[in-house]
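Record features (TrEMBL):
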type   : residues : note
DOMAIN : 21-48    : domain 'C2H2-type'
DOMAIN : 49-76    : domain 'C2H2-type'
DOMAIN : 77-104   : domain 'C2H2-type'
DOMAIN : 124-151  : domain 'C2H2-type'
DOMAIN : 152-179  : domain 'C2H2-type'
DOMAIN : 180-207  : domain 'C2H2-type'
DOMAIN : 208-235  : domain 'C2H2-type'
DOMAIN : 236-263  : domain 'C2H2-type'
DOMAIN : 264-291  : domain 'C2H2-type'
DOMAIN : 291-318  : domain 'C2H2-type'
DOMAIN : 319-346  : domain 'C2H2-type'
Amino acid sequence: VSKRVSSGGGRKLVHLRERPYQCDQCERSFSQRYELVAHQITHTGESPYTCAQCGKIFSQKSNLVKHERIHTGESPFPCTQCGKSFSQRANLVKHQRIHTGERPFQCAHCGKSFSQKCELGGPYLCADCGKCFTTRPGLRYHQRIHTGERPYPCALCGKGFATNSRLKYHQRIHSGERPYQCNDCDKRFRHKSALASHQGIHTGERPYKCTECGSSFRRRNGLVKHQRIHTGERPYPCTECGKSFSTRSTLTDHQRTHTGERPYNCSHCGKSFNRVSQRRKHQRIHTKKRPECAECGKRFRSEKELATHQRVHTGEKPYQCPQCQRSYHRKNELAKHLKSHAGKNP
C-alpha cells in the first residue's frame, strides 16, 4: 500500500507497510529486524564499522562509505552551476544555496537568516562536512576526524589519540587506576560506564530482553552484541588477516597476535600480557585468588572454566555443527548433538 504526500514544492511516495519491530528507547518502528538492530546502535553509541585509513569508527556502513571519500578524494556530487564537486549530497545542497541565495534558517531572537542550520549554533564551520562549532578549539578537535591526526601519544605503548581526555582514559589500562568505586561492594572500575553496568549485579535489573530467545541484559549494547548470534553478523574484520569478529573487544584481543602488543602489566612483578584474562590468570600466582566473572561475581577453579562460563553472558557459541550449522557454548554439547545425526540419542 502506498500514498503520495506533499513535501515542500515536490511530492514523494511514502510506503505504508507493517512495522512490527519497535525501539524501546524512542518508540520508532521498523519493518525489518536488521533495521531495528542498526537503529539501536544510535542509542548505545556502539560503532562497529572502522575506517582502515584513520581508525575512525561508525555505527552504520553507509556513514563509513561517505567518510572514506575523504581519503580517496572521491566527489560524486557536482554542482551544475560552478562545477565544484562534493563527497556527500547534503554538502552539495548546502553549497547550492550560495548560488540561489536561499537562507532558510532564521534566528528566533534577532531575525537574522542563515544558509545553514548549524550557523545558528556557532560561527566555526568545518569545510569538510559542514558541521558548525561555537568555538575554534571545538572545530580544531573535530577536524582531526577528517585528517586522522592523533597528537596525543601514549608514552608506554605509542598508541595515539585525538584528545588528551581519551589518552587519559587509555592510560588507566597501564596504570591500573580505577577511580570509580561501587558503594555496595567497593569494587573499582576504570570508566564510569563500567561501574554503571556492574551495579546491575546488586539490583538484579536486566531490562533489555532478546525477542528471539528471551535472554536479558543489564545494558542495551549487551543486547545488541547478543543479537549477532541470531543474525550471524560479524562487523569487525581484522585488516591483517581478514578474520571477522562479532565484538570490537574480541577483534582488539585478536589484533595483538599480529602486533605483539602486551598492554596489561602485572602490578606485582611487571610481567606483561596481551589479554586481561591472561593477566588475571597470572596474578593468581601472587594472590592465590580464584578467577571471578565480572558479570555475575561467580568464581571458578581455572581461567578456562571462567571463559566457558562467560559465554552464558556474551552468547558466544564457538562450536558449530558442520552438518546443520547449529552452534553450542561447549564442546561436549556439540559432541552430544552430533550423535543425533548419526542416529544415536536423537
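Including glycine, each Cβ sits where the backbone N, Cα and C put it.
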For the domain 'C2H2-type' (152-179), the distant same-chain contacts (Cβ-Cβ under 8 Å, at least six residues beyond its ends) come to 141, 144-145, 188-191, 261, 263-265, 267
Where DSSP helix means H, G or I and strand means E or B, what are the helix, strand and coil counts for the domain 'C2H2-type' (208-235)? 12 helix, 4 strand, 12 coil
